[in-house]
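Asker: Not my notes, these are from TrEMBL:
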- 1-28: signal peptide (SIGNAL)
- 157-181: transmembrane segment (TRANSMEM)
- 193-215: transmembrane segment (TRANSMEM)
- 221-244: transmembrane segment (TRANSMEM)
- 256-278: transmembrane segment (TRANSMEM)
- 290-307: transmembrane segment (TRANSMEM)
- 319-344: transmembrane segment (TRANSMEM)
- 350-370: transmembrane segment (TRANSMEM)
- 414-433: transmembrane segment (TRANSMEM)
Amino acid sequence: MCPLAPLHLILVWLLLLCPLWFVSSVVAVHVAHSVKSWSVSFRPQTLKLNMYDTAQLNFTSEDDLPFYDPKDYQVTVETSDPEIAEPIGEKPLFIKTESLSRYKWGGSFNLSANFLGYANIRIKMVARAGGAEGRYSMISNPLRVAVSRKMRVIDHVFTSSVAILVAVIFINFGCALDWPLVRKSLCRPIGPVIGFISQFLFMPLISFFLAKLLFPHSIAMQLGLFFTGVAPGGGASNIWIYLLGGNLNLSITMTAISTFAAFFMIPFWTFTLGRLIFNEGNMTIPYSRIASFAVALVIPLSIGFLLQRKVPKVSKFLVGILKHFSACLIVFIIVFATVTNFYLFKLFSWQILVAGLGLPWLGYLFGYIFATVCRQSSEDRLAISIETGIQNTGIAIFMLRFSLGQPEADLTTVVPVAVAIMTPFPLLGWYLCHKLQKRYKKQEKCMSALSGEDHLNNCSEQPLNGHIKHNGCLKDPEKF
């Protein structure tokens, strides 16, 4: 067999590909020459719309077109993304043009804003069949359209209702707190220090690396996830810790420390790691927002403390309804937040989902492991884990709105919203398992008491409506 046998096959393939390459090159050159650029002036020159608004656009050709008769050409409107903005009318939309002078044309059309984002609008001129010679196509320079979202009534209702309900539940927390234990934890702040390290060292770093990994080509999305990671702990953490049987005293202490520490920790991370993401532009630290959250934390707790000292009966009643009220508030926030931000689900991608899941869930895991390594009690481990994983996404959204223009601020809001939506799922599963485990243990204890013959003599028996009470369980006397 000839040692050069494979080479002749390669030569045959090259000979077959050469004509194909030549033809494709000719076609490409022809297309490049047949589509010409067209300078068009739009009025208005920049267009910003709110979702579902419409606007009229006028255009004028700036290039002299001495050899073009409007009767020989069709003028259409093209959009880069019809889901964001598109011309109103039949598709494709043909525009009626008019001669503004001997060599210039003009026309107008209406545009509809459909969703958040950016779209490029162009005017395209194509020769009619049997019309002008050469039949050149011409396409204009783009007009960039920015579509933002207008604040709705439901947004204000949601924010106000959650603020009021959270203030009420913090009054209940003030009634339920063991204030001597709070003072003790502040005097020997092992738990708060562990929580501080988890909250303000681990979370900013993991949010930075997740942002770089998931959104390498989107500075705005990186900033959205990073701002979420540097935010302090959220108020919902205290509710979950109470429901799951964690250390509420430690939780409230950590929330207060986290909120006040945010005054200097947010600027520290924003102007160090944040500069690596956002080198240009002004980044605003929402000091007023942090201060308002601190006041909203301290005042209700103080009211609860006064009720505990001055009106113990009212305090006892509020503590009695706290668990049910907390569960109802969690359900209300999850459902109402989903309905209010339902439009953002359209922006969800696998990167957004991974970011929404990854940041809080890694926070839970790190906080729990770190607290375990530091030999904290099970209640303290639970409190530190939840305090680490739950972020105050409201502060992150506020920072994005003041650091970015529109619609970037609305588009990047999807990141903290995704984090807020994904945060409760492991806690909800934990809560259901906790309830099922308690019920199972209760039933198991009851069944073991009924079936254990050795315990029969030790049971206290007394008639109760024709039945015998046996270790807290009712039995039929005939079967007993």
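Here the Cβ of each residue, glycine as well, is placed from N, Cα and C on the backbone.
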Asker: Name the range, of those listed as 157-181, 193-215, 221-244, 290-307, 414-433, that has the largest tally of Cβ pairs under 8 Å with the transmembrane segment (350-370).
Answerer: 193-215
Asker: Thinking of Cβ pairs under 8 Å, which stretch from 157-181, 221-244, 256-278, 414-433 has the most of them with the transmembrane segment (319-344)?
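Answerer: Comparing 157-181, 221-244, 256-278, 414-433 against the transmembrane segment (319-344), the winner is 157-181.
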Asker: With pairs fewer than 6 apart in sequence excluded, do the transmembrane segment (256-278) and the transmembrane segment (157-181) have three or more C-beta pairs that lie under 8 Å?
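Answerer: With fewer than 3 qualifying Cβ pairs, these stretches do not touch.
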Asker: In terms of Cβ proximity under 8 Å, which residues at least six beyond the ends of the transmembrane segment (193-215) contact it?
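Answerer: Here the qualifying positions are 221-226, 228-230, 232-233, 250, 254, 257-258, 261, 265, 269, 273, 276-277, 351, 354-355, 358-359, 362-363, 366-367, 370-371, 374, 376, 383-384, 387-388, 391.
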